[in-house]
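S.K.: My questions all concern the structure below.
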């Protein structure tokens, strides 16, 4: 009884999404200190736990708010709440617990600015996006993307406060521009389900042709924005080469979507690639930051 419940509670946390959030946050932490130094290990651990718990809390609240929608979509109807494996009250208590503990850790062991920014991001995703924007406007992903793009900034401020935060904003901008083509590709793949539950995703309100064009334009913009860390002398040639290669590959997927309007399989492949794109881009940022430095010293 207890073990299945724990498994279901963890399923509410969207652990794969949290892992990607944590990756971008930790890259922000390490880039916040100059090579060859490393950020304090205990600080990194505390910030990682706090940010992860807050992200998991936001995911739980997303499940609670979207319970009725999830029950009607084949992609989500096996989730714990629609299946009745977890009650609404249990989910709410779990979400509150994760949020309070996560924010408490950030306040006690990291710093106030990171706690405040994390709280704002949690509210932005769990309430402003999930409760209002998602159901109110086809630009829900664009506006709500600010909350999802915050983790690199949270990681940066956890280590360096506001010092050099303009560089963290470049990382924020990359994730912010990445978000629309990432989610719109999924929306094209699942457009009939979004129509069924009356969620005004862009393909539902403006049609597939318009959405394909927007994905293409945003992907071009993402390729350009991804070069900013190099242009700002934040990264070197390794990052530049990889960013261009990853961006061109993403653009090829966007062109395929544009040229194959009836093949939703391509949209799904684009969605999957976009996740790999972001992971590889941020790992490359970290590798480029340290690759010439041996041995490393603890900051």
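Glycine is no exception: its Cβ is also placed from the backbone N, Cα and C atoms.
Straight out of Swiss-Prot:
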TRANSMEM  17-37  transmembrane segment
TRANSMEM  41-61  transmembrane segment
TRANSMEM  91-111  transmembrane segment
TRANSMEM  113-133  transmembrane segment
TRANSMEM  141-161  transmembrane segment
TRANSMEM  168-188  transmembrane segment
TRANSMEM  207-227  transmembrane segment
TRANSMEM  228-248  transmembrane segment
TRANSMEM  266-286  transmembrane segment
S.K.: So which residues does the transmembrane segment (266-286) touch in its own chain, when a touch means Cβ under 8 Å and the partner is 6 or more beyond its ends?
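M.R.: Cβ under 8 Å, 6 or more out: 20, 23-24, 27, 30-31, 152, 171, 174-175, 178, 181-182, 185-186, 188-189, 215, 226, 229, 235, 238-239, 242-243, 246, 249-250, 253-254, 256-257, 260.
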S.K.: Please give the sequence-distant neighbours of the transmembrane segment (207-227): residues at least 6 beyond its ends with Cβ less than 8 Å from one of its Cβ atoms.
M.R.: 173-174, 177-178, 180-181, 184-185, 187-188, 191, 240, 243-244, 246-248, 250-251, 253-255, 257-258, 261, 270, 281
S.K.: In terms of Cβ proximity under 8 Å, which residues at least six beyond the ends of the transmembrane segment (113-133) contact it?
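M.R.: Hits for the transmembrane segment (113-133): 47, 50-51, 54-55, 57-58, 61-62, 65-66, 95, 99, 102-103, 106-107, 139-140, 143-144, 146-148, 150-151, 153-154, 157-158, 161-162.
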